[in-house]
Amino acid sequence: MRVLVSNDDGVDAPGIKILADALRNAGHEVMVVAPDRDRSGASNSLTLDTPIRAKQIDMHTYSVAGTPTDCVHLALTGLLNYDPDIVVSGINNTGNLGDDVIYSGTVSAAMEGRFLGLPAVAVSLVTLCREGQQAPQYETAAHAAINIVAQLKTDPLPADTILNVNVPDVTWQQMRGFKVTRLGNRHRSAPCLTQTDPRGHTIYWIGPAGPEQDAGPGTDFDAVRNTYISITPIHVDLTRYQALENVTRWTDRLTAHMDWPT
């Protein structure tokens, strides 16, 4: 398969290099189109008010001065002279669990691929970030990715589906298997951090994500915590169907009291 690989950690991040190498070793034709620097948290942002520069690093790699969404959009709408078969985004250097997916550039790169008609997978390694911990097990996440891509080739998903994959940071031998999960969610984010710069101006840092809230059995949080690879099928229909009836009552009342033109 012809695989387009992107990420949000940047073109030089170890995760994307290990992922691209693993896919090539599995027999796939791989093109990397990724941001020129870390663009974590960029979500689905698309650059519309300035031109975007793309630099070809080698025959199989482009560095783009833009967001993860920019990278995939450019790759699929003119940068490449062929059409890839699938988009794989990652390997992110931390998890994208629960409502993390709203902000994730890793997930958004995959989402853009799906918007433009391709199967798409986002792969994240849920690193533990403990002092003295061994190096992140990117090879484990890459091994999971190539197995998932193989399944997608033989048994495709519906056209509106993205796979959000979160891999525990352990060796492959320590892994307990795959689990299909739903997204959990977190409590409200921690407060922003306030500091004073050398000129006496107040500056702010976004605070850390909130702790787990909905993280019980069946969620992505629970699977990873129990050393399973979490696979969550997601899609981008944001309609809250359960609220349609209630909001319809509102609009009926509003319509009845408005002097609409005939």
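Glycine too: its Cβ is placed from the backbone N, Cα and C atoms.
Quick caveat, the model's predicted, so the values are computed rather than measured.
The candidate list S40, S63 contains one residue that Swiss-Prot assigns to the divalent metal cation site with D8, D9, N92, namely S40. Cβ packing within 10 Å was compared across the binding-site residues D8, D9, and the lowest neighbour count falls to D9.
Neighbour counts were taken at the CB atom with a 10 A radius for the binding-site residues S40, N92; the maximum falls on N92.
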